[in-house]
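Peer 1: Residues annotated as transmembrane segment in TrEMBL: 12-31, 51-66. Per TrEMBL, domain 'Histidine kinase' is recorded for 107-319.
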Amino acid sequence: MSWMYMKASLKISLIYIVVGTFWIVWSNNFIEYVLADYSRETIDLIKELDNILYVLLTGVLLFFLIKRQYKYMDDKVRELERGKQIIENERLKSDHSKKQLDQFIIVASHDLAGPVRQSQGFLELFIRKNQGKLSQNSIDFLQLTLDNFLKIKAIINDLSMFSQLSGLERKEERVSLDEVFEKVLHLNSKKIAEQKIGLKIAPLPSVKGDYKYFIQLFDHLIANAIKFKDVSRSLNIEVSAIVHDEFCTVEVRDNGRGIPIENLENVFYVLKRYDYGFIKRGTGMGLAICKRIAEGLGGQIWVESTIGKGSVFYVKLRV
């Protein structure tokens, strides 16, 4: 341990011990040698004066050492306070920029939604009225264009929803997760019936939060499981919950394709999509929306997954 990084209390103690030991040994011997011809009373008096001088000098030395140390500490505190203020200023700037960006996305999404909706409607009408007059290649091309309009519309809707969630107000109302999943399964009932998806929903508790946001969160998780199922086997989805202390962890488990381990840390970021075969599906916003809702309501979300076996999404919520 170098002198520079030694604790101040240890430095002062060592200085005091070294100086004190040297002073006592040297001064006593010096006095005895110089005053050898004087009486014992005189020598003892001189030693007493020497001790007083030692106390005064070491007191002054300690005063300046402690003063120097306090100055060093004050400088460090001021430096930390300046750093803290810089960080706080940067945080405020970041929050302001984020709010401006979210507001811009909301406005832009609103402005884009109208033209996209009109173009979609016009194209649907054109295909319907001219289906008998156009070749199959033309119909296929127009249908592909229409599908792209629908994808753009979905992206616009998800971007708008994601930005609106940035100022999510935490609510304390009691929400039955049984009712939430009843609604979510109803929203996905057509896909569930068509694809003969196996469902197993355990009894679920009530949690604190907002009913409509829980619908969005778990609708995205169920839709994600359906979207990325393993085509080689029937899809099974299981939902259960464990209550511990003041939180409840909901597990949404599927036997889909699974997520590569290198992608697990990124699945909740905006516009992150991954290839399955040659097809990229979805807007890349669903899981990012889930994360923002879960954290906005005072909870957490994470995932465990194994390629070829499926995924388990965990949502930690307040009870």
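We count from 1, first residue shown onward.
Cβ coordinates are placed from backbone N, Cα and C, and glycine is handled just like the others.
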Peer 1: Can you name the far-off residues of the same chain, 6+ from the ends of the transmembrane segment (51-66), with a Cβ under 8 Å from a Cβ of it?
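Peer 2: Residues 11-12, 15-16, 19-20, 23-24, 27 contact the transmembrane segment (51-66) from elsewhere in the chain.
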Peer 1: I'd like to know the mean pLDDT over the domain 'Histidine kinase' (107-319).
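Peer 2: Summing pLDDT over the domain 'Histidine kinase' (107-319) and dividing by its length gives 83.
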